[in-house]
Amino acid sequence: PFPNGSELRPSFVLAALPGPEGAQAWVAALLCGAYVVALAGNGTVLLAVWLEPGLHAPMYLFLCMLAAIDLALSTSTVPRVLSFYWFGTREIGFGACLLQMFLIHALSAVESTVLLAMAVDRYVAICHPLRHATILTNAATARIGLAAVARGVLFFLPLPLLLLPLPFCGSHVLSHSFCLHQDVMNLACANTTPSVVYGLTAILLVMGLDAVLICLSYLLILKAVLRLAAWKERLKVFSTCIAHICVVLAFYVPLIGLSVVHRFGRDLAPLVHITMGNIYILVPAVLNPIIYGVRTKQIQRRILSLI
């Protein structure tokens, strides 16, 4: 039925926000501005930690991992989005789409794992402060980072492989400005049950499990904090977790919102799908360095010295 293979290896059409050309120019400018802020903020965090020997500790090394992931995730999507707003190149090849899809999901899994590791770091620092230096050494932190990357790759590499043999004989128009597994899978004109089951399983075993364990870590932290006699001491100890809690919310709230839109919002306007996708990619990358820059005095001092 597919003599030339074009239906098996189509070019997909990326979604653009509806509206006049002037409005799209403003959207492109807004995305470009957010991307520049993400590059500058995360790059500054990496530079500040690298140049300051006093920041070569697990907490800040995890922050560097987070900054590197955000840089990679935004760079794998935003330049391609800006190219079709500026130059009108809305098509993306089949292979490039699958590669972008893999990078988005794998990097998101790595970020989720790093956020879990940061929660464990806070738990050990608050509940077992005397053992913190021996449990979370720099070598252990590096091994956790490598394990996070391996986990993301191993869990999400099958997603493009499951889509590779499927035919795409209907519409090739995506509902986002970049390639996501659910979006591409919905365009296939074949049985996608294995892809659906594996995708849901991977999400639950990675992001879902990480979210549960992060909540458990904070319940144990809260239990330890409430044992302190003075309210002033309680607030002082718990304030060390505020930045991490904000970063967790900045990652998981857009992720849950995007999942809900995909699951229940098929009849929603294209504007909702495109906006939620852009929020999911850019909000953590923009907010994370700002949150930690505001909350961490050591990073503030190093950034000011750089300036």
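From the backbone N, Cα and C atoms, a Cβ is placed for every residue, glycine too.
According to TrEMBL, the domain 'G-protein coupled receptors family 1 profile' annotation covers 41-292.
Annotated transmembrane segment per TrEMBL: 26-51 (among others), in sequence order.
Among the features that TrEMBL reports, transmembrane segment is placed at 58-78 (among others).
Among the features that TrEMBL reports, transmembrane segment is placed at 98-120 (among others).
Under the heading transmembrane segment, TrEMBL lists 141-164 (among others).
The transmembrane segment feature in TrEMBL is assigned to 196-221 (among others).
Annotated transmembrane segment per TrEMBL: 242-265 (among others), in sequence order.
Here TrEMBL flags 271-294 (among others) as transmembrane segment.
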* Near the transmembrane segment (26-51), which residues from the same chain, at least 6 beyond its ends, have a CB less than 8 A from one of its CBs? -> 17, 19, 60-61, 63-64, 67-68, 70-71, 74, 78-79, 81-82, 85-86, 278, 282, 285-286, 288-290, 292-293, 299, 302-303, 306
* Hey, which bits of the same chain come close to the transmembrane segment (271-294), Cβ under 8 Å, at least six residues off its ends? -> 15-18, 31, 34-35, 37-38, 41-42, 44-45, 63, 66-67, 70-71, 73-74, 77-78, 81, 104, 111, 175-178, 180, 243, 246-247, 250-251, 254-255, 257-258, 261, 265, 300, 303
* Sequence-remote partners of the transmembrane segment (242-265) [C-beta within less than 8 Å, at least six residues beyond its ends] -> 66, 108, 111-112, 115, 118-119, 122, 180, 182-183, 203, 207, 211, 214, 218, 272-273, 276-277, 279-280, 283-284, 287-288, 291-292, 294-296
